[in-house]
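Peer 1: My questions will all concern the structure given below.
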Amino acid sequence: MSAAPPEVELTIDGVVVRAPAGSTIWEAARAAGIEIPVLCHDPRYRPVGVCRMCVVDVGGRVLAASCVRPCEPGMKVTASGPEIEAHRKLLTALLLADQPQAPSQQRPEGSDLVALGRRYGLVGEGASGDLLGLPRGTGRPQDPSSPVIGVDHQACILCDRCVRACDELQSNEVITRSGKGYKAKIAFDLDLPMGSSSCVSCGECMDACPTDALVNKPLAPRRRRPLPLAPAPEPKPAPPQPAALTPVPTLCPYCGVGCSVTAHVDEANNKVAWIDGRDSRVSDRRLCVKGRYGFDYATHPQRLTQPLIRREDSYPKGALSSALRVKEGKRPGGLVDYAEVMPHFREASWDEALGLVARRLLEIRERHGSSALAGFGSAKGSNEEAYLFQSWSASASAPTTSTTARACATRRRWRR
Ligand code: SF4
Ligand code: SF4
Ligand code: FES
(Lines of atoms letter the chains of each structure in order from A and count residues from 1; the text may use other names and numbers.)
(Lines give C-alpha, C1' and ligand atoms only; values in the text may rest on other atoms or scores of the structure.)
(Ligands and ions follow the chains in the order given, each with its own letter.)
Protein backbone atom coordinates (compact mmCIF):
# COMPACT_ATOMS: atom_id res chain seq x y z
CA MET A 1 0.00 0.00 0.00
CA SER A 2 1.44 3.38 -0.97
CA ALA A 3 1.85 5.96 1.82
CA ALA A 4 -0.38 9.06 1.76
CA PRO A 5 1.50 12.06 0.33
CA PRO A 6 2.88 14.43 2.98
CA GLU A 7 0.69 17.41 3.83
CA VAL A 8 1.25 20.89 5.18
CA GLU A 9 -1.09 22.74 7.53
CA LEU A 10 -1.64 26.46 7.15
CA THR A 11 -4.32 29.07 7.89
CA ILE A 12 -6.13 30.96 5.13
CA ASP A 13 -8.48 33.75 6.26
CA GLY A 14 -8.63 32.13 9.71
CA VAL A 15 -9.56 28.69 8.33
CA VAL A 16 -7.16 25.82 9.07
CA VAL A 17 -6.36 24.13 5.76
CA ARG A 18 -4.36 20.97 5.03
CA ALA A 19 -2.90 20.64 1.54
CA PRO A 20 -0.52 18.22 -0.18
CA ALA A 21 3.09 19.41 0.16
CA GLY A 22 4.11 21.40 -2.91
CA SER A 23 0.59 22.87 -3.47
CA THR A 24 0.34 26.56 -4.13
CA ILE A 25 -1.67 28.78 -1.80
CA TRP A 26 -4.26 29.25 -4.57
CA GLU A 27 -4.69 25.46 -4.91
CA ALA A 28 -5.02 25.01 -1.16
CA ALA A 29 -7.56 27.86 -0.95
CA ARG A 30 -9.59 26.47 -3.83
CA ALA A 31 -9.68 22.99 -2.29
CA ALA A 32 -10.97 24.61 0.93
CA GLY A 33 -13.67 26.57 -0.96
CA ILE A 34 -11.93 29.96 -0.55
CA GLU A 35 -12.12 31.96 -3.78
CA ILE A 36 -9.09 33.99 -4.89
CA PRO A 37 -9.54 35.82 -8.23
CA VAL A 38 -7.07 35.05 -11.03
CA LEU A 39 -6.36 36.39 -14.49
CA CYS A 40 -3.14 34.84 -15.82
CA HIS A 41 -3.77 31.52 -14.10
CA ASP A 42 -5.75 28.51 -15.25
CA PRO A 43 -5.22 25.22 -13.40
CA ARG A 44 -4.75 23.46 -16.74
CA TYR A 45 -1.49 25.36 -17.41
CA ARG A 46 1.83 25.78 -15.63
CA PRO A 47 1.43 28.80 -13.31
CA VAL A 48 3.57 31.81 -14.22
CA GLY A 49 2.45 34.53 -11.79
CA VAL A 50 2.61 37.48 -14.18
CA CYS A 51 -0.57 39.47 -13.50
CA ARG A 52 -0.67 39.62 -9.65
CA MET A 53 -4.45 39.55 -9.46
CA CYS A 54 -4.27 36.64 -7.02
CA VAL A 55 -2.08 38.37 -4.43
CA VAL A 56 -2.45 37.49 -0.76
CA ASP A 57 -0.76 38.66 2.42
CA VAL A 58 1.60 36.07 3.91
CA GLY A 59 3.19 38.51 6.35
CA GLY A 60 6.10 39.33 4.03
CA ARG A 61 7.42 42.67 2.80
CA VAL A 62 5.14 42.61 -0.25
CA LEU A 63 1.94 40.76 -1.18
CA ALA A 64 2.59 37.31 -2.69
CA ALA A 65 1.10 35.87 -5.90
CA SER A 66 -0.86 32.90 -4.55
CA CYS A 67 -0.91 31.03 -7.88
CA VAL A 68 2.86 30.45 -7.72
CA ARG A 69 3.65 30.72 -3.98
CA PRO A 70 3.93 27.28 -2.37
CA CYS A 71 2.23 26.57 0.95
CA GLU A 72 4.52 26.41 4.00
CA PRO A 73 3.76 24.72 7.32
CA GLY A 74 2.22 27.18 9.80
CA MET A 75 1.78 29.91 7.17
CA LYS A 76 -0.87 32.52 8.00
CA VAL A 77 -2.46 33.79 4.81
CA THR A 78 -4.87 36.69 4.41
CA ALA A 79 -6.63 36.23 1.09
CA SER A 80 -9.18 39.03 1.35
CA GLY A 81 -9.59 42.34 3.16
CA PRO A 82 -9.65 46.07 2.33
CA GLU A 83 -5.93 46.39 1.47
CA ILE A 84 -5.89 43.35 -0.82
CA GLU A 85 -9.19 44.26 -2.48
CA ALA A 86 -7.92 47.83 -3.08
CA HIS A 87 -4.82 46.36 -4.73
CA ARG A 88 -6.94 44.13 -6.98
CA LYS A 89 -9.25 47.00 -7.86
CA LEU A 90 -6.35 49.27 -8.87
CA LEU A 91 -4.80 46.49 -10.93
CA THR A 92 -8.14 45.86 -12.68
CA ALA A 93 -8.48 49.60 -13.43
CA LEU A 94 -4.95 49.73 -14.86
CA LEU A 95 -5.65 46.78 -17.16
CA LEU A 96 -9.06 48.13 -18.20
CA ALA A 97 -7.53 51.54 -19.01
CA ASP A 98 -5.48 49.89 -21.77
CA GLN A 99 -8.46 48.08 -23.29
CA PRO A 100 -9.85 49.26 -26.64
CA GLN A 101 -12.76 51.70 -26.43
CA ALA A 102 -14.86 49.47 -28.70
CA PRO A 103 -13.80 45.91 -27.84
CA SER A 104 -14.70 42.89 -29.99
CA GLN A 105 -16.82 41.21 -27.39
CA GLN A 106 -16.85 37.43 -27.55
CA ARG A 107 -19.66 36.68 -25.16
CA PRO A 108 -22.77 38.63 -24.16
CA GLU A 109 -21.57 38.63 -20.51
CA GLY A 110 -18.06 39.93 -21.37
CA SER A 111 -14.56 38.61 -20.68
CA ASP A 112 -12.92 37.56 -17.38
CA LEU A 113 -11.39 41.04 -17.13
CA VAL A 114 -14.78 42.70 -17.61
CA ALA A 115 -16.18 40.39 -14.91
CA LEU A 116 -13.47 41.65 -12.53
CA GLY A 117 -14.29 45.24 -13.57
CA ARG A 118 -17.91 44.57 -12.63
CA ARG A 119 -16.87 43.04 -9.30
CA TYR A 120 -14.91 46.19 -8.41
CA GLY A 121 -17.57 48.62 -9.67
CA LEU A 122 -15.41 49.84 -12.56
CA VAL A 123 -17.74 48.78 -15.40
CA GLY A 124 -21.44 48.12 -15.70
CA GLU A 125 -24.35 49.69 -13.90
CA GLY A 126 -23.43 52.61 -11.66
CA ALA A 127 -19.77 52.77 -12.82
CA SER A 128 -18.53 56.27 -13.64
CA GLY A 129 -16.44 54.92 -16.53
CA ASP A 130 -13.42 57.10 -15.63
CA LEU A 131 -11.38 54.11 -14.34
CA LEU A 132 -10.01 55.98 -11.31
CA GLY A 133 -8.92 58.84 -13.63
CA LEU A 134 -6.26 56.74 -15.36
CA PRO A 135 -5.16 57.81 -18.88
CA ARG A 136 -6.42 55.49 -21.66
CA GLY A 137 -3.95 53.47 -23.71
CA THR A 138 -4.22 53.39 -27.51
CA GLY A 139 -2.26 52.62 -30.63
CA ARG A 140 -1.70 48.88 -30.65
CA PRO A 141 -2.68 47.14 -33.88
CA GLN A 142 -5.27 44.53 -34.79
CA ASP A 143 -4.52 41.43 -36.85
CA PRO A 144 -7.50 40.23 -38.92
CA SER A 145 -5.45 37.77 -41.03
CA SER A 146 -6.69 34.49 -39.51
CA PRO A 147 -9.89 33.15 -41.10
CA VAL A 148 -11.37 32.22 -37.72
CA ILE A 149 -9.64 34.19 -34.91
CA GLY A 150 -9.53 37.99 -34.58
CA VAL A 151 -6.51 39.47 -32.75
CA ASP A 152 -6.63 42.87 -31.01
CA HIS A 153 -3.24 43.62 -29.47
CA GLN A 154 -4.73 46.62 -27.64
CA ALA A 155 -6.83 44.25 -25.54
CA CYS A 156 -3.89 41.95 -24.70
CA ILE A 157 -2.64 42.07 -21.10
CA LEU A 158 0.35 39.78 -21.77
CA CYS A 159 -0.88 37.13 -19.39
CA ASP A 160 0.62 34.36 -21.59
CA ARG A 161 -2.40 32.11 -21.21
CA CYS A 162 -2.58 31.76 -25.01
CA VAL A 163 1.14 30.95 -25.17
CA ARG A 164 0.78 28.19 -22.59
CA ALA A 165 -2.46 26.86 -24.10
CA CYS A 166 -0.74 26.61 -27.49
CA ASP A 167 2.43 25.01 -26.06
CA GLU A 168 1.21 22.88 -23.19
CA LEU A 169 -2.28 21.78 -24.22
CA GLN A 170 -2.04 21.55 -27.99
CA SER A 171 1.76 21.21 -28.45
CA ASN A 172 1.58 23.56 -31.45
CA GLU A 173 4.15 26.08 -30.13
CA VAL A 174 3.10 28.89 -32.46
CA ILE A 175 2.68 31.83 -30.03
CA THR A 176 5.49 33.69 -28.32
CA ARG A 177 6.35 37.26 -27.28
CA SER A 178 8.09 40.02 -29.20
CA GLY A 179 9.00 43.65 -28.47
CA LYS A 180 9.86 45.42 -25.23
CA GLY A 181 8.13 47.80 -22.85
CA TYR A 182 4.86 49.22 -24.19
CA LYS A 183 5.64 47.59 -27.54
CA ALA A 184 5.73 44.09 -26.05
CA LYS A 185 3.10 41.88 -27.65
CA ILE A 186 2.26 38.30 -28.41
CA ALA A 187 3.68 37.10 -31.73
CA PHE A 188 2.97 34.21 -34.06
CA ASP A 189 6.09 32.31 -35.19
CA LEU A 190 8.69 34.97 -36.03
CA ASP A 191 6.13 37.79 -35.66
CA LEU A 192 4.07 36.87 -38.71
CA PRO A 193 0.42 37.77 -39.16
CA MET A 194 -1.56 34.99 -37.48
CA GLY A 195 -3.10 33.92 -40.81
CA SER A 196 0.36 33.41 -42.38
CA SER A 197 1.88 31.64 -39.41
CA SER A 198 1.97 27.91 -38.64
CA CYS A 199 -1.23 28.29 -36.56
CA VAL A 200 -3.60 25.36 -37.18
CA SER A 201 -6.69 27.32 -36.03
CA CYS A 202 -7.54 24.99 -33.15
CA GLY A 203 -8.82 28.03 -31.20
CA GLU A 204 -7.26 26.94 -27.89
CA CYS A 205 -5.62 30.39 -27.50
CA MET A 206 -8.94 32.11 -28.07
CA ASP A 207 -10.53 29.88 -25.44
CA ALA A 208 -7.73 30.72 -22.99
CA CYS A 209 -7.76 34.50 -23.46
CA PRO A 210 -9.27 36.37 -20.47
CA THR A 211 -9.70 39.71 -22.26
CA ASP A 212 -11.14 39.21 -25.75
CA ALA A 213 -7.77 40.05 -27.33
CA LEU A 214 -8.33 36.77 -29.19
CA VAL A 215 -11.91 36.19 -30.28
CA ASN A 216 -13.86 33.91 -32.60
CA LYS A 217 -14.68 35.71 -35.80
CA PRO A 218 -18.31 35.37 -36.82
CA LEU A 219 -18.71 32.85 -39.64
CA ALA A 220 -18.65 35.61 -42.21
CA PRO A 221 -19.80 35.22 -45.82
CA ARG A 222 -16.21 34.92 -47.06
CA ARG A 223 -15.83 31.65 -45.10
CA ARG A 224 -18.79 30.26 -47.01
CA ARG A 225 -16.79 29.17 -50.00
CA PRO A 226 -18.77 27.04 -52.42
CA LEU A 227 -18.40 23.34 -51.88
CA PRO A 228 -17.19 21.50 -54.98
CA LEU A 229 -20.59 19.84 -55.23
CA ALA A 230 -22.86 22.78 -55.91
CA PRO A 231 -23.26 26.24 -57.26
CA ALA A 232 -22.46 28.79 -54.57
CA PRO A 233 -25.49 29.96 -52.65
CA GLU A 234 -25.78 33.72 -52.39
CA PRO A 235 -23.78 34.74 -49.29
CA LYS A 236 -25.95 36.21 -46.59
CA PRO A 237 -24.63 38.72 -44.06
CA ALA A 238 -24.02 37.18 -40.63
CA PRO A 239 -27.02 37.89 -38.39
CA PRO A 240 -26.33 40.27 -35.50
CA GLN A 241 -25.16 38.56 -32.32
CA PRO A 242 -28.22 37.94 -30.13
CA ALA A 243 -28.35 39.14 -26.54
CA ALA A 244 -28.56 35.58 -25.20
CA LEU A 245 -27.58 32.19 -26.57
CA THR A 246 -28.73 28.79 -25.35
CA PRO A 247 -25.79 26.55 -24.31
CA VAL A 248 -26.41 22.96 -25.46
CA PRO A 249 -24.03 20.25 -24.17
CA THR A 250 -23.24 17.78 -26.95
CA LEU A 251 -20.41 15.89 -28.70
CA CYS A 252 -18.29 16.89 -31.67
CA PRO A 253 -19.59 14.81 -34.58
CA TYR A 254 -16.40 14.75 -36.63
CA CYS A 255 -14.24 11.92 -35.37
CA GLY A 256 -13.97 8.97 -33.06
CA VAL A 257 -12.23 10.93 -30.29
CA GLY A 258 -15.68 12.30 -29.42
CA CYS A 259 -14.66 15.56 -27.75
CA SER A 260 -17.28 17.10 -25.46
CA VAL A 261 -18.54 20.48 -26.64
CA THR A 262 -21.05 23.13 -25.74
CA ALA A 263 -22.89 24.55 -28.75
CA HIS A 264 -24.06 28.13 -28.13
CA VAL A 265 -27.29 28.20 -30.08
CA ASP A 266 -28.98 31.28 -31.44
CA GLU A 267 -32.53 29.93 -31.28
CA ALA A 268 -34.07 32.95 -33.00
CA ASN A 269 -31.98 32.33 -36.15
CA ASN A 270 -31.85 28.53 -35.73
CA LYS A 271 -28.04 28.58 -35.88
CA VAL A 272 -25.02 27.60 -33.85
CA ALA A 273 -23.24 30.88 -32.98
CA TRP A 274 -20.06 29.23 -31.71
CA ILE A 275 -18.68 26.09 -30.05
CA ASP A 276 -16.71 25.76 -26.81
CA GLY A 277 -14.84 22.74 -25.50
CA ARG A 278 -16.55 21.20 -22.44
CA ASP A 279 -14.92 19.67 -19.35
CA SER A 280 -14.62 15.92 -19.76
CA ARG A 281 -12.03 13.21 -19.26
CA VAL A 282 -11.96 12.64 -23.02
CA SER A 283 -10.91 16.07 -24.19
CA ASP A 284 -10.38 18.33 -21.16
CA ARG A 285 -12.04 21.25 -23.04
CA ARG A 286 -9.58 20.95 -25.94
CA LEU A 287 -10.80 20.94 -29.53
CA CYS A 288 -9.27 20.85 -32.98
CA VAL A 289 -10.16 23.16 -35.84
CA LYS A 290 -12.96 20.91 -37.08
CA GLY A 291 -14.68 20.64 -33.72
CA ARG A 292 -14.37 24.34 -32.90
CA TYR A 293 -15.01 26.00 -36.24
CA GLY A 294 -16.54 23.44 -38.58
CA PHE A 295 -20.16 23.77 -37.47
CA ASP A 296 -21.75 25.81 -40.26
CA TYR A 297 -22.50 22.63 -42.20
CA ALA A 298 -25.47 22.13 -39.89
CA THR A 299 -27.44 24.86 -41.65
CA HIS A 300 -25.69 24.76 -45.03
CA PRO A 301 -28.22 24.86 -47.90
CA GLN A 302 -26.51 21.86 -49.56
CA ARG A 303 -26.80 19.64 -46.52
CA LEU A 304 -28.70 16.41 -47.22
CA THR A 305 -31.35 15.84 -44.59
CA GLN A 306 -33.32 13.11 -46.34
CA PRO A 307 -32.16 9.81 -47.87
CA LEU A 308 -31.79 9.84 -51.65
CA ILE A 309 -32.33 6.82 -53.93
CA ARG A 310 -30.90 6.63 -57.42
CA ARG A 311 -33.67 6.66 -60.03
CA GLU A 312 -34.23 3.45 -61.98
CA ASP A 313 -33.57 5.22 -65.30
CA SER A 314 -30.13 6.31 -64.01
CA TYR A 315 -28.77 2.77 -64.19
CA PRO A 316 -26.34 1.32 -65.17
CA LYS A 317 -24.09 3.26 -62.82
CA GLY A 318 -21.53 5.64 -64.23
CA ALA A 319 -20.18 9.15 -63.71
CA LEU A 320 -23.11 11.53 -63.34
CA SER A 321 -21.16 14.74 -63.75
CA SER A 322 -19.48 15.76 -67.00
CA ALA A 323 -16.46 16.76 -64.87
CA LEU A 324 -15.90 13.04 -64.18
CA ARG A 325 -16.89 11.50 -67.51
CA VAL A 326 -13.90 10.12 -69.39
CA LYS A 327 -13.43 11.77 -72.79
CA GLU A 328 -10.62 10.73 -75.12
CA GLY A 329 -9.04 8.70 -72.31
CA LYS A 330 -9.08 11.63 -69.85
CA ARG A 331 -11.35 13.09 -67.22
CA PRO A 332 -11.91 16.80 -67.88
CA GLY A 333 -11.82 17.54 -64.13
CA GLY A 334 -13.29 20.65 -62.50
CA LEU A 335 -16.11 20.96 -60.04
CA VAL A 336 -18.87 18.38 -59.90
CA ASP A 337 -22.05 20.20 -60.81
CA TYR A 338 -24.75 19.66 -58.19
CA ALA A 339 -27.49 20.60 -60.68
CA GLU A 340 -26.27 17.89 -63.06
CA VAL A 341 -26.09 15.18 -60.39
CA MET A 342 -29.19 15.71 -58.27
CA PRO A 343 -31.84 14.92 -60.94
CA HIS A 344 -30.56 11.31 -60.92
CA PHE A 345 -31.87 10.85 -57.37
CA ARG A 346 -35.22 11.03 -55.68
CA GLU A 347 -35.98 11.63 -52.03
CA ALA A 348 -37.14 8.63 -50.02
CA SER A 349 -38.24 7.80 -46.48
CA TRP A 350 -35.73 6.20 -44.10
CA ASP A 351 -37.79 2.97 -44.10
CA GLU A 352 -37.69 2.76 -47.89
CA ALA A 353 -33.96 3.59 -48.11
CA LEU A 354 -32.93 1.14 -45.38
CA GLY A 355 -35.20 -1.55 -46.85
CA LEU A 356 -33.51 -1.13 -50.25
CA VAL A 357 -30.00 -1.37 -48.73
CA ALA A 358 -30.95 -4.52 -46.79
CA ARG A 359 -32.46 -6.14 -49.89
CA ARG A 360 -29.42 -5.41 -52.04
CA LEU A 361 -26.99 -6.73 -49.41
CA LEU A 362 -29.00 -9.95 -49.06
CA GLU A 363 -28.96 -10.36 -52.86
CA ILE A 364 -25.15 -10.02 -52.88
CA ARG A 365 -24.78 -12.55 -50.08
CA GLU A 366 -27.11 -15.05 -51.76
CA ARG A 367 -25.42 -14.67 -55.12
CA HIS A 368 -21.73 -14.44 -54.11
CA GLY A 369 -21.52 -15.67 -50.50
CA SER A 370 -20.73 -13.65 -47.32
CA SER A 371 -17.06 -13.23 -48.32
CA ALA A 372 -18.30 -10.70 -50.90
CA LEU A 373 -19.35 -8.39 -48.01
CA ALA A 374 -17.11 -6.10 -45.90
CA GLY A 375 -18.06 -3.40 -43.38
CA PHE A 376 -16.31 -0.02 -43.15
CA GLY A 377 -17.64 2.14 -40.32
CA SER A 378 -17.07 5.86 -39.99
CA ALA A 379 -15.10 7.66 -37.31
CA LYS A 380 -17.93 10.15 -37.23
CA GLY A 381 -20.06 7.54 -35.45
CA SER A 382 -20.12 7.22 -31.67
CA ASN A 383 -18.72 4.16 -29.84
CA GLU A 384 -22.27 2.87 -29.53
CA GLU A 385 -22.84 3.20 -33.26
CA ALA A 386 -19.51 1.48 -33.98
CA TYR A 387 -20.59 -1.38 -31.66
CA LEU A 388 -23.94 -1.70 -33.44
CA PHE A 389 -22.19 -1.63 -36.81
CA GLN A 390 -19.81 -4.45 -35.94
CA SER A 391 -22.76 -6.45 -34.52
CA TRP A 392 -24.56 -5.98 -37.83
CA SER A 393 -21.42 -6.91 -39.74
CA ALA A 394 -21.02 -10.10 -37.66
CA SER A 395 -24.68 -11.04 -38.20
CA ALA A 396 -24.17 -10.65 -41.95
CA SER A 397 -21.07 -12.91 -41.62
CA ALA A 398 -18.93 -10.26 -43.35
CA PRO A 399 -15.33 -11.41 -42.82
CA THR A 400 -13.87 -7.86 -42.66
CA THR A 401 -14.99 -4.93 -40.48
CA SER A 402 -13.01 -1.77 -39.92
CA THR A 403 -13.53 1.88 -39.04
CA THR A 404 -11.75 5.09 -39.95
CA ALA A 405 -11.61 5.91 -36.20
CA ARG A 406 -8.42 3.81 -36.17
CA ALA A 407 -6.62 6.62 -38.01
CA CYS A 408 -7.78 9.80 -36.29
CA ALA A 409 -8.09 8.47 -32.71
CA THR A 410 -4.56 7.07 -32.89
CA ARG A 411 -3.14 10.35 -34.12
CA ARG A 412 -4.82 12.27 -31.29
CA ARG A 413 -3.37 9.90 -28.69
CA TRP A 414 0.14 10.45 -30.00
CA ARG A 415 -0.18 14.20 -29.63
CA ARG A 416 -0.92 14.05 -25.89
S1 SF4 B 1 -3.82 37.42 -26.24
FE2 SF4 B 1 -5.13 37.04 -24.45
S3 SF4 B 1 -4.34 35.11 -23.58
FE4 SF4 B 1 -2.73 35.89 -24.99
S5 SF4 B 1 -1.34 37.05 -23.68
FE6 SF4 B 1 -2.86 38.49 -24.53
S7 SF4 B 1 -4.50 38.61 -22.98
FE8 SF4 B 1 -3.27 36.80 -22.51
S1 SF4 C 1 -10.43 15.62 -32.24
FE2 SF4 C 1 -11.40 17.34 -33.40
S3 SF4 C 1 -12.78 16.32 -34.87
FE4 SF4 C 1 -12.25 14.77 -33.33
S5 SF4 C 1 -13.94 14.86 -31.83
FE6 SF4 C 1 -12.28 16.23 -31.08
S7 SF4 C 1 -12.77 18.28 -31.87
FE8 SF4 C 1 -13.99 16.77 -33.05
S1 FES D 1 -3.28 34.86 -11.33
FE2 FES D 1 -1.59 34.76 -10.01
S3 FES D 1 -0.22 36.18 -10.79
FE4 FES D 1 -1.81 36.10 -12.27
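We number each residue from 1, going along the chain as drawn.
Each Cβ is built from the backbone N, Cα and C atoms, and glycine gets one as well.
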Peer 1: Have a look at 220-242, 312-334 and point to the one annotated region 'Disordered' in TrEMBL.
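Peer 2: In TrEMBL, the region 'Disordered' feature sits at 220-242.
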Peer 1: With the domain '4Fe-4S Mo/W bis-MGD-type' (245-302) as the reference, which stretch in 6-83, 147-177, 190-219 has the largest tally of C-beta pairs below 8 Å?
Peer 2: 190-219
Peer 1: What residues elsewhere in the chain lie close to the domain '4Fe-4S ferredoxin-type' (147-177), defined as a C-beta under 8 angstroms and at least 6 residues from its ends?
Peer 2: 39-40, 42, 44-46, 48, 50-51, 95, 98-100, 103-104, 113, 137-141, 184-189, 194-195, 197-217, 223, 284, 286, 289, 292-293, 415
Peer 1: How many helix, strand and coil residues does the domain '2Fe-2S ferredoxin-type' (6-83) contain under DSSP?
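Peer 2: Each residue of the domain '2Fe-2S ferredoxin-type' (6-83) counted once, the result is 9 helix, 22 strand, 47 coil.
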